[in-house]
Amino acid sequence: MTSVAELREQVRSLQDELAQLKGERGKTTTREKITKMSSEVVDSNPYSRLMALQRMGIVKEYEQIRQKSVAVVGVGGVGSVTADMLTRCGVGKLILFDYDKVELANMNRLFFTPDQAGLSKVEAAAKTLNYINPDVKIFTNNYNITTVESFEKFMNAIRTGGIDGSGAVDLVLSCVDNFEARMAINAACNELSLNWFESGVSENAVSGHIQFIQPGEKACFACAPPLVVAENIDEKTLKREGVCAASLPTTMGIVAGMLVQNTLKYLLKFGTVSDYLGYNALIDFFPKMGLKPNPTCDDRFCVLRQQEFAAKPKEETFEEVQQEEESPVHAENLYGIELVSETEVESAPTVPVATANTGLKLAFETPIQMEHSSAATDVIKNDDVSLDDLMAQMKAI
């Protein structure tokens, strides 16, 4: 048997090894915080390629993203990648919610690393995200939002989670993997009238979707319940011991990309935000559709928001407003590029390249294009020869 002294020595050795690893981690260079985004194109500027969107006319003012606060509920296969992308994009504030721990079984997905096994997902994610971009304010919440006590904490967190702590978050992103948590987010956002995105990946890992929900304007998650609720099935009975859902990092990465792309469009007001966008990996199919709210929805706050929306004066939609002609992004035409019609015949240059005073000469002469006449008399010669004479000539050949 191992003696107490040997066990103490092993513990001391492990403590020394842990201290050494922490010291090496601390020596890793971390950049200083940046107070203002710059478009300067230098290797040391982490925002130069993001600010290029503004220079190219895609976004009016990209730095507005630093004034946005986003809540990410669920830091798993989709949520962790979503938080990673938003951090790299420079969002002002991220609020993470999850109560699970990192496991080695999660290593088939993106973001987490084996050395983080055993840590809470929100704490492990916060450390990595702070290292990626120290400019982002990251707050963690390690609890299950579906319990009565934690639901109130969740409501308060998103109600006061604005960039300055006085208002609500700008957007809530649902990246959870169960119906109960989705319904909790739906109830909270309907009550607080907060816009949010729902996302998910199928159990066979070859399809996924995102859904944009505006309380009162678009269908909430309770307006069109999935099969497990429509047939009154207890979701917990669907899980069997020793059986787990499939998981592909590719599908989760694609769904996270769709989610963050539409999040950026919503926050920075460019492009068109998709109401519902699906993904089928088997045939690379991306279906889109609009979802209207259900007037008889079981969520009373959803019905209340519908009534409030119906009472608002109707505004012209983006499609109905005639867009003013925008000035070209690049007014200068340095290279003399011109658009030519496909049916237009190019005219020959007035000055041959070989005779132009440019020091150039033709490598070969362009053949003169033959002009084709459409008249049948130019192709067939009419000699007034009878058919019998032609037959005789053919036999004689």
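Keep in mind that glycine also has a Cβ here, set from the backbone N, Cα and C atoms.
Swiss-Prot annotations:
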type     : residues                             : note
BINDING  : Gly77, Asp98, Lys121, Asn144, Asn178 : ATP binding site
BINDING  : Cys220, Cys223, Cys297, Cys302       : Zn(2+) binding site
ACT_SITE : Cys244                               : active site, glycyl thioester intermediate
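Close to the recorded Zn(2+) site, the chain also has Asn186, Asn190, Ala219, Phe221, Ala222, Pro293, Asn294, Asp298, Asp299, Val303, Gln306: residues not among Cys220, Cys223, Cys297, Cys302 whose Cβ is within 8 Å of the site's Cβ mean position. Cα of Asp98 (ATP binding site) to Cα of Cys220 (Zn(2+) binding site): a distance of 22 Å. In the three-state DSSP scheme, Gly77 (ATP binding site) is classed as coil. If you measure from the Cα atom of Cys223 (Zn(2+) binding site) to that of Gly77 (ATP binding site), you get 26 Å. Under the three-state DSSP scheme, Asn144 (ATP binding site) falls in the coil class. Classification of Cys302 (Zn(2+) binding site) by DSSP places it within a helix.
All protein chains included, Asn178 (ATP binding site) registers 15 other Cβ atoms within 10 Å of its own Cβ. Comparing CA positions across the binding-site residues Cys220, Cys297, Cys302, the one lying closest to Lys121 (ATP binding site) turns out to be Cys220. The 10 Å shell around the Cβ of Gly77 (ATP binding site) contains 26 further Cβ atoms across the protein chains shown.
Residue density at Cys297 (Zn(2+) binding site): 20 other Cβ atoms are found within 10 A of its Cβ, drawing on all protein chains shown.
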